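Engineer: Sharing a structure here in structure tokens format.
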Amino acid sequence: MTPNGSRRHSAYMGSPRSQHSSTMETGYNPYEAVQKKQELYQNNNGNSPTVIIEEDPYIPNYKESSLANKKTNYNMKIVVVGDGGCGKTCLLLAYTQNKFPSIYVPTVFENYVTAVQSPNGKTVELALWDTAGQEEYDRLRPLSYPDVDILLVCFAVDNEVSLENVKDMWFPEVNHYCPGIPIILVGTKSDLSSDMNHDASIRVAKEIGAIGLIFTSAKTMFNVRTVFNFALNHFQRNMELQEQYEKTLGSRKRISRVLGGSNGGSGNHSRHHSRNYSNVSNNRRGHLKNTSYDSTALLDQPLTEDTYVKNPYGNFGYKANVESPYNQDEFAFTRERKKKKKCVIL
């Protein structure tokens, strides 16, 4: 307490158990500071993406780790989309194999699995899904969207049409099949001379609600690791906040059972519902190596998020789920896009 009687909030939060007594006596939420910090971040940033044009030394570096006989803390899935030939496959190969492919082979459906370790020692099994940007694969591409955690939407800096297609084609598609999933806008081939203004890229990033805009070159390895380090750091930070919330929720339920339950009964009501909450663990899903069908799902409706407990910290800067007009069946989106195409008879 301060001399004038007001409460001073400590910067050290402590564990939920160590705060039980003070919480019950004063009604102070042990994670109130975390909530306020998240709200302040959202208010200050809004829809403004993090723009990375040069190398950013402040992004944590995730080092390669071995998957052999090792249990990871998290499973993460990244799906890469964009126009055909814009550099999606080269970006993935440059990251996973540390080399630039000399021969271009159009991708149909590929996925790569690797493991990385964060600076705080936690490991992440990272599944990278490559997709085909050509129109003939419009019906196959949605098979890669189930369980995606972050989307990389790519465009080539030397091709203005690929940037326009981000707004006109790729964002509507991913927003239909996986609404609310965070998007990172990636400008590839930054080693090539280009007259494209960065302002246009920033404007598109804001319009689609991207959490970041990163310029990279797979040929020179410029910012290649930065793209994935940025995605990994964003994913891990949100997962740790979710774990923190679930710990607080579990602590409150234990107190409720000791006091006889929130409904004044024996506490069976709380025990029953505590089993229904999803926890952040490796059983959330598994990524199978060298297969394209391990996450295949029925596409009769747009994908929704897992049945996690609603997070009081907000949506971490994502756009709210927008009702899609293409929810009749799985191929309504493709048919609608083809109807809009103009046919010119010469």
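If you go along the chain as it appears here, the first residue is 1 and each next one adds 1.
Glycine too: its Cβ is placed from the backbone N, Cα and C atoms.
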Engineer: Choose the correct range: of 104-112, 122-130, 176-184, 221-229, which one does Swiss-Prot annotate as motif 'Effector region'? Give that range.
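Structural biologist: Going through 104-112, 122-130, 176-184, 221-229 one by one, Swiss-Prot gives motif 'Effector region' for 104-112.
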Engineer: Please give me the CB contact count at 10 A for Gln134 (GTP binding site), counting all chains in the structure.
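Structural biologist: There are 14 such Cβ atoms around Gln134 (GTP binding site).
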Engineer: Among all the protein chains here, how many other CB atoms are within 10 A of the CB of Gly85 (GTP binding site)?
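Structural biologist: Excluding its own Cβ, the number within 10 Å is 15.
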Engineer: Cβ distance under 8 Å to Ser190 (GTP binding site), same chain, sequence separation 6 or more: which residues?
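Structural biologist: Long-range Cβ contacts: Val157, Phe215, Thr216, Ser217, Phe222, Asn223.
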Engineer: What mean pLDDT score does the motif 'Effector region' (104-112) have in the model?
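Structural biologist: In the predicted model, the motif 'Effector region' (104-112) has a mean pLDDT of 73.
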Engineer: In sequence order, which same-chain residues at least six apart have a C-beta under 8 angstroms from Gly82 (GTP binding site)?
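Structural biologist: Result: Lys88, Gly133, Leu152, Val153, Cys154, Phe155, Ser162, Asn165, Val166, Trp170, Val186, Thr188.
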